[in-house]
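**Q** These came from Swiss-Prot, pasted as-is:
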TRANSIT   1-27  transit peptide
MOTIF     102-112  motif ''HIGH' region'
BINDING   LYS649, LYS652  ATP binding site
MOTIF     649-653  motif ''KMSKS' region'
Amino acid sequence: MLGAWRAAPRLRLRARFGVASVWARSAASEANSRRPAEESRQDSQYRDTVLLPHSRFAAQLPGRLQPDTELETQQKSGFLELYSWQRQRKAKQEFCLHDGPPYANGDPHVGHALNKILKDITNRFHMMRGYKVHYVPGWDCHGLPIELKALSEVKGAENLSPVEIRQKAKEFAERAIEKQKAAFIRWGIMADWANCYRTFDPKYEANQLRVFHKMYDKGFIYQDYKPVFWSPSAKTALAEAELEYNEQHVSRSVYMKFPLLKSPPKLASVIDGSSPASVLVWTTQPWTVPANQAVCYMPDAEYSVVKCATTGEHLILAADRVESTAAVLDTQFEVISTCKGVDLADGSCAHPTIAGRVSPLLPANHVTMTKGTGLVHTAPAHGMEDYNVASHHQLPTECLVDESGHFTEAAGPELKNKNVLEEGNEAVIKMLQAAGSLLKEEKYVHSYPYDWRTKKPMIIRASKQWFVNTANVKATAQEALKKVKIIPTSAVNRMLEMLDRRTFWCISRQRCWGVPIPVFYQKDTGESLINSETIADVIKIVEQQGTDAWWTLPIEQLLSKEAVAKAGGHNVLDYVKGQDVLDIWFDSGTSWAHVLEGAEQRADVYLEGKDQLGGWFQSSLLTSVATRKKAPYKTLVVHGFTLGEKGEKMSKSIGNVVDPDVVINGGDDHTKDPPYGADVLRWWVAESNVFTEVLIGPVVLNAARDDINKLRNTLRFMLGNMAGFNPETDSIPPSEMYIVDQYMLHLLQDYGSKVTEAYKEYDYSKVVRLLQAFCSRNLSNFYFSIIKDRLYCEEEKDPKRRSCQTVLAEALDVVVRSFAPILPHLAEEVFQHLPYKKDSEGVFRTGWINASSGWKKPGIEEAIEGACAMRDSFLGSISGKNALEYEVIIVIEPGLLFELMEALQAEESSRVSQLNEIMMASQTTLLSEIPKETPADANIVKGNFLINLEGGDIREESSYQVIALPTTKAKCPRCRRYTSDSSSTPCPRCLKVIAGKGST
């Protein structure tokens, strides 16, 4: 039941305690008091006989020393060589964390730190557990932001050729990569730094085009003319993942009327031509009105024909919007008739600004009743739903806006060359007003898409682009995603919803810094030439020369005569190379094809921020499922964003931007920005709830530093008490240990198990909480406080001392390994200060926590926790006074609790028993019945303790009494316990130890 450690049960009643011998008072206590100077002299007399802790490991490192200490530790411990070492060792299992490539366009920031450190904690944990870790860092190197930044550094950039632009962009990306790489290494990130991947590497680009090739062959890639998100500021199409939304965008909304040309047949009796009649429409994008081709209604909704009190004309709008619209227009509506949306069929209107154009009334399911009038102006070139309606009804999709966001000549002289979001909008509103169609204009604040890089407003614009037909791969992707473990689970539905909304993916971009779409166009007809053979030919060239070849080589070397002939052409020179490049999400989304090894090419983990649910996670899934019908990952771990410590977005104007380099090395003014070192940054990451937004600032960093200093104090105590101890030769078997030492091993085993499980679940904040609780509650506050006497005052090689030293050695090893993935610098620093030669290879080359299952002893908690409950009662009864100045009597009724305490103290009274050590008293007496006489100055406390053994099969509640009274003994000048007969003479134990030292 309790294990072999427990003494045989003895339920006899002890003889009554000799009251006179213990409670005799005399004047001994007064005589024992000494002057401080005299006490100091006598203490110093025995100082050299006490085994005080000693270690060169600092309890706290001054901030100025922290960065250099970490760099020295990295060098001594071989941080840079660790990755290649673990790749070369024999390991049964492989663990692959595929690095989502950060964008190579700037300095490292705390978002990078959060992401890279989380990955490193994950990798180091798995490596220590015996896995062969595969982690190849990479960078996303193409795209508009890099191109624009590179060009901003060049005078006359507008005159550069595509080849020159590409060269400048590549050089810029390379510089950014070197900066970021140096920072990541400084943070202690373990990775294959010698073989990083970059999306501009020829082999990467070739593998990317191979994925494109397979998707094209399977029919997933096509060209079409339809509306896409368009960035006028960047002059290119963008995917939805490249948008960010401005919640405070101000649009110019208008209420306008479309005069009825043909009344819907079912409303002929109501709208008979006796009064002017129009449909009432609301839009936040007046500039799209010239492209209007129809007005849409919701078939199942109710609509009203109303008479306007101001003008007397008839207006049609949704019945649910009559009251609110009348209020906005500052008029009154008289409802003449109500009908269903389907009753509006076969009606048509006059275009409000273009004479002679007819806009039919058409049904559509995207019409909503929450705002506007329930009738939607439909411009197929500027809306996804509008385009679908137009396709269904064979309406034209004419785009009157050019790539820079200006009206084209086809829009008419009044609008030509005007910016649609600025003066173009104003011009259209004036045209509506001139035509008598404008009823109301007002500012409208709403969420609006912006280009994520230029930070300028987007528009939706029809253009000829290349697409991935995600509608055909979506169902398979959703099924594949259901087999993926996603942490936290709250991200599952969000990713599925984002995937469900995506019907197509625009993959073409009108820039030159990227991977070209391998397509050729007939000069005269514009007809595209692309097939399996032409793509394969381009891939061969790209693999050898890189994608620069697309711009530098003549078309004759890129397109074969055979391919032209097969397509029905006659001359290669009749064709031109396409000028579009692939979306950078397609670049990074095919990284699995280049980086992941083995036949399966599947990573164990992708770990990125929540913005990647619609970005890299999704693009990787779509490309992998389209070509292989499986996800490229087994687990997704999704973390939040970094914010200022008050929860606000970081901004230079606010002054709350945290620079990781300043965190580590300090700023110009160390009083304002002190150096913390990389481990503080790593602790901040680990202790945060990374599945929500992660806060950082001076208060957070100071708290992290203080937490590490507390941990250092705990480590220093253990290191300091290891002097002269060699675990290989001096360890005591658990069966021969003090029960409290066995109890600590039991707690160590439990701690190791819980920490391991927390790491497995990527719950690193739980690891930190477990670590702090174990070090503070179990070690510092409990175990260290009761074993100091054994450590300092017993003979150096006494088994009792060796017993707790054995536990300290095991605890140090378990604790250091448990936080090593989080604080690798501190972990290696501790191992470098071990006073014995143990694991000279360091922490990371010697495995994970080795907590023996033999340490687990169910039931042992009851003995120690029962004793601790009584100690708490005892300490509470003396109100913060020194427990060493008291003797304690514990009275327990016969039963399990009494048996457990007997295992800790076989004698009736003892100053050296295990129970007395826990009580921290001068002497402990254990009785099974209350003494007949109790001194008046005794403190008596009663309590109960519930014993729960064998998983609850054995339960017994026992009552106890704790009687505390001042001791009559003097303070020993050596051990400072009240166990001596005279304040000038050491206690019997200390005399024996001193005598032993003299004999040696």
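Backbone N, Cα and C define each Cβ position, glycine as well.
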**Q** Where's the emptiest Cβ shell within 10 Å among the binding-site residues LYS649, LYS652?
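**A** Counting other Cβ atoms within 10 Å of each of the binding-site residues LYS649, LYS652, the minimum falls on LYS652.
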**Q** By Cβ distance under 8 Å, which residues at least 6 away from the ends of the motif ''KMSKS' region' (649-653) in the same chain are close to it?
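**A** Answer is 110, 642-643.
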**Q** For LYS649 (ATP binding site), name the DSSP secondary structure in the helix/strand/coil scheme.
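**A** Where LYS649 (ATP binding site) sits, the three-state DSSP reduction gives coil.
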**Q** What mean pLDDT score does the motif ''KMSKS' region' (649-653) have in the model?
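**A** For the motif ''KMSKS' region' (649-653), the model's average pLDDT rounds to 83.
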**Q** Can you break down the motif ''HIGH' region' (102-112) into helix, strand and coil residue counts using DSSP?
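**A** The motif ''HIGH' region' (102-112) comes out at 3 helix, 1 strand, 7 coil.
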